Amino acid sequence: MRVGLLTGGGDCPGLNAAIRAVVKHGEGTYGHSIVGFRNGWRGVVEGDVLPLGRQHIRNVLPVGGTILGTARYHPNAEDGGIEAVMATLEAERIEALICIGGDGTLHAASKVAEAGVKIVAIPKTIDNDVSGTDLSIGFHTAVNIATEAIDRIHTTAESHNRVMVVEVMGRHAGWIAINAGIAGGAELVLTPEDPFDIDQVIKFLKHRHRAHANFSIVVVAEGAEPRRGGSMDFTTQLGRFGEIVAGAVGDRLAHEIAERTGFDTRVTILGHVQRGGSPTPTDRILGSRFGVAAIDAVVEGRTGVMTALRGEEVVLVPLAEVAGKPKRVPPDLIRAAQVLA
Ligand code: F6P
């Protein structure tokens, strides 16, 4: 059997673990041929293939990024895109396609599955906002990186008596902000799920600095926005694929805090640092488990499904049920960050 494989959307640590598992298990256990497509769905549309054998996946487990390359490209949003996908898959005699991606890639995958292609998806995104799975590949590493950054910012904040605003990724959900904020002991965590009241933020900081502290750490997710009708007028700007201009909310928030409190304030935008470098063991293991489960699903003839972690188990969930529905941080987790301020 010839099985296609692609990685789409933003890269993240742990993708190569999944690619390696697909190749090792697909070829080694079942004798399938794995055909990689370069640069996500764009490679499928353009017929840009890369045969993937054991020699290509040697030593990739600790390596960040994706050996296949990736792109933000959705064939369902392009004229003739789905037809071009079908033509390439037929020319390459691909019988099933494994798509590793976040929400945009998975939405495209569900459209291609509707057109009759056998699809098994694997969720990845440092934002951890894919529905139906407890964890997506890349999130654990990103939280580690953000936590380490907050730890480092802590010591310089305290030495200089400063307010430090730390902007982390998370367009539609504040999973990194909340988890790294709790782990790093941030004073305030602002997320897209819970629009913030700038007057409350200022009141809190003034009280804290008057009462018992000389510094504060404010973690803000890039998709966080002030409450409508409040005294801060700011709306997030999204690009064509829903990507955010990094730094906008962090810069603006730091400016508002400095202006309204008079406290010495600095901003750190973590940006793509969170998506780079070597994956944690958790992401290597998750990518490996998802890769094995995806090949097993292909062999069982399953289609239109996504591998998902539910508790301790990897299961398959219908792609149509999860694509296009961002998974939000639950209120109890947001509350934990708030009460620990
Ligand atoms: O992959 C998710 C993500 O990292 C978001 O958190 C961020 O808004 C976006 O990608 C950045 O996209 P790009 O790498 O295209 O600038």
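Even glycines carry a Cβ here, placed using N, Cα and C.
Residues Thr125, Ile126, Asp127, Met169, Gly170, Arg171, Glu222, Arg266, His272, Val273, Gln274, Arg275 are given by TrEMBL as substrate binders; from Arg162, Arg210, Arg284, that same site also lists Arg162. TrEMBL names Arg72, Tyr73, Gly102, Asp103, Gly104, Thr105 for binding ATP. Of Gly10, Gly14, Gly26, the residue it gives for the same site is Gly10.
In the three-state DSSP classification, Gly104 (ATP binding site) falls within a helix. Our reading of the substrate binding annotation (Thr125, Ile126, Asp127, Arg162, Met169, Gly170, Arg171, Glu222, Arg266, His272, Val273, Gln274, Arg275) yields a largest Cα to Cα distance of 32 angstrom. Sequence-ordered, the extra residues of this chain that approach the ATP site, with Cβ no more than 8 Å from the Cβ center of Gly10, Arg72, Tyr73, Gly102, Asp103, Gly104, Thr105, are Gly8, Gly9, Gly40, His74, Gly101, Ala108, Phe241. The number of other CB atoms found within 10 A of the CB of Met169 (substrate binding site), across every protein chain shown, is 26. Working note on the binding-site residues Asp103, Asp127: by count of other C-beta atoms within 10 Å of each C-beta, Asp127 ranks first. Take Gly10, Arg72, Tyr73, Gly102, Asp103, Gly104, Thr105, the residues named in the record as contacts for ATP: the widest Cα to Cα gap among them comes to 12 Å.
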